[in-house]
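Data block below; observations after.
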Amino acid sequence: MTRNPSGQRFLTCAAAAALLLIASWPSMTTTAGRYVSNLNVNCMRCLCYASTLCNATVGCSRGYCGPYYLYRDYWKEAGQLVLPDDDPDRDQAFVDCASNMECAQKVVENYMVKWGKDCNKDGVTDCDDYARIHFNGREDCSAIENTNFGRRYETCRPVNNRGKFN
């Protein structure tokens, strides 16, 4: 902050830009120093909701665990993240991470950094694409509309993705 000749304080352009960047920080996802376009808080919240209604106590069923309903290969492909002071080779490390909201979210973010792509060929990689990848896996960009996951996703779909659901 600087003062003009009359003694009033005002923000310099640099200070204003820094404040704007800080204010927009929650809408950006950065994983391992890499920015993931359109993978923001609203998208992550919706992926969680579509997976399990974001139930942090869901546990594991048929190999899928936690609020994002992660499976072991997904976790491995995302870098085998673990809780602090845990060992990725420990048998329950996957279950413990997948069942922890913060750790599970980081797994999803890492997975999208690595495998995110424009599934519906609309020219932008956005939450609609991340939803398909999250549900189907990295190799399958199939539609999700006729699944429970897809129906729940449609109810929380981020505003910037409203419109044609390809």
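From the backbone N, Cα and C atoms, a Cβ is placed for every residue, glycine too.
What TrEMBL annotates here:
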{"type": "SIGNAL", "residues": "1-32", "note": "signal peptide"}
{"type": "DISULFID", "residues": "Cys43-Cys127", "note": "disulfide bond"}
{"type": "DISULFID", "residues": "Cys48-Cys54", "note": "disulfide bond"}
{"type": "DISULFID", "residues": "Cys60-Cys65", "note": "disulfide bond"}
{"type": "DISULFID", "residues": "Cys97-Cys103", "note": "disulfide bond"}
Response to the item:
Across every protein chain in view, the count of C-beta atoms other than its own within 10 A of the C-beta of Cys48 (disulfide bond) is 23
Worksheet, complete the sentence: Rounded Cα distance, in Å, between Cys43 (disulfide bond) and Cys54 (disulfide bond) is 13
Fill in: Per-residue Cβ crowding (10 Å cut-off), top of disulfide-bonded residues Cys43, Cys65, Cys97, Cys103, Cys127
Cys43
Response to the item:
Using a 10 Å radius on the Cβ of Cys60 (disulfide bond), the other Cβ atoms enclosed count 15
Worksheet, complete the sentence: Nearest by Cα to Cys65 (disulfide bond), of the disulfide-bonded residues Cys48, Cys54, Cys97, Cys103, Cys127, is Cys97
Response to the item:
For Cys127 (disulfide bond), the closest of the disulfide-bonded residues by C-alpha position, picking from Cys48, Cys54, Cys60, Cys97, Cys103, is Cys48
Discussion item. Counting only residues 6+ away in sequence within the same chain, which have a CB under 8 Å from the CB of Cys54 (disulfide bond)?
Written reply: Arg45, Cys48, Pro67
